[in-house]
Amino acid sequence: MSEKAGSKETTPPTTIPHKRRIGDDAPPPPPGISKSQWKKQWRKKQFELHKDEYLSKRREKRKRQKMNRRAIIQGYKDRGEPIPAEYVREPRKNVNQISGGFTILLDCGFDDLMNDKEILSLSNQLTRAYSANNRADHFADMYVTSFNKRLEHRFKVGLADSLHETWPNFKFVPDEKMITEGDKTKMIYLSADTDETLDTIEPGMTYIVGGIVDKNRHKELCVNKAKNLGIPVRKLPIDSFIKIDGRQVLTTTHVVQLMLKYFDTKDWKEAFEEVLPQRKLGITSLSDMPLSDDDDDEENDSEREIPAAAKMGQPSKTEPKDI
């Protein structure tokens, strides 16, 4: 039969290749198990068998994406052109947050006491501190003091795409005049190396957190600096909620997170349970614990740790592990 005049030849629909998933090649299910249940079990088993390979590929993919993004951003900077919005990473922000009226100074005047890996770790902790401040119900006015030398180079080169100069409520200053010339009657330096505990966080006060990753090489460093400057020293009430042996030292990020959470809730117990939940404390030290659920491919934050951190309310049974 001849085609009708003017009729158009139909084009067959485009076939989209099926993306294979783990479990698609599962053998027939055993008796008593549905096909869908068996695929889930098989998928989980195959994932565990090839977990290292999968995670390695994912890390490589993220690394390539990050390098490509940095190259594109650098191209705009080299040409003196504004960076398009799609390349400006906007951290998750609490749109309903208000000012807490207090200040946190991250004292980073210890560059010469750290190696390159520790500088890298510190820079990662600072970015997470900024992120925590952005998500809190009440933000603090945060400043990184003594922002110079290798730490400054790390941000301007290695973390150039973070656009740290534009971070709201989080400023970088090259010297430590805010510490040395500030009103000492309204300052508190936080350190694990004291017996006096910080009871509350008050508006109008300035709280100083030592920005150092030192693997416990320089004990009482921050205490001695504070005493020389006439600044009172306090520690967070760690031992009221986590029973451990040894020095109770937290990462810089954890200190900031705990302070922000306490100011939101006015409850230290709730702050510790959320920032350092019991399910994450069945480890030898906080340096073994990721600082957030999406940090699996980041550099592990180093010391400023709780050595031999055990479960909440239970004393540690192991000696501190220095890694």
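For all residues, glycine too, the Cβ spot is worked out from N, Cα and C.
Where the annotation comes from TrEMBL, it is an automatic prediction and has not been curated.
Features reported for this protein in TrEMBL:
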REGION    1-71  region 'Disordered'
COMPBIAS  58-69  compositional bias 'Basic residues'
DOMAIN    90-283  domain 'SAM-dependent MTase TRM10-type'
BINDING   L190, G210, C222, L236  S-adenosyl-L-methionine binding site
ACT_SITE  D214  active site, proton acceptor
REGION    283-323  region 'Disordered'
COMPBIAS  291-302  compositional bias 'Acidic residues'
Cβ neighbours within the same chain of L236 (S-adenosyl-L-methionine binding site) - under 8 Å, at least six residues apart:
L190, T197, L198, L250, V255, L258, M259, W268
What is the number of other Cβ atoms found within 10 Å of the Cβ of L190 (S-adenosyl-L-methionine binding site)?
24
With helix taken as DSSP H, G or I, strand as E or B and everything else coil, how many residues of the compositional bias 'Basic residues' (58-69) land in each class?
12 helix, 0 strand, 0 coil
Do you know the mean pLDDT across the domain 'SAM-dependent MTase TRM10-type' (90-283)?
91
Three states by DSSP: which one describes G210 (S-adenosyl-L-methionine binding site)?
strand
Enter the number of other CB atoms within 10 angstroms of the CB of the residue listed as 'active site, proton acceptor'.
19
Can you check what DSSP calls L190 (S-adenosyl-L-methionine binding site), collapsed to helix, strand or coil?
strand
Check: same-chain CB within 8 A of S-adenosyl-L-methionine site center, minus L190, G210, C222, L236:
Y189, S191, A192, I208, V209, V233, K235, V255
Do any residues at least six apart in sequence from C222 (S-adenosyl-L-methionine binding site), in the same chain, have a Cβ closer than 8 Å to its Cβ, and if so which, in order?
D107, Y189, L190, S191, D193, G210, I212, V233
What does DSSP assign C222 (S-adenosyl-L-methionine binding site), in three states?
helix
Measure between the Cα atoms of every pair in L190, G210, C222, L236, the residues the record assigns to S-adenosyl-L-methionine, and report the largest value in Å, rounded to a whole number.
14
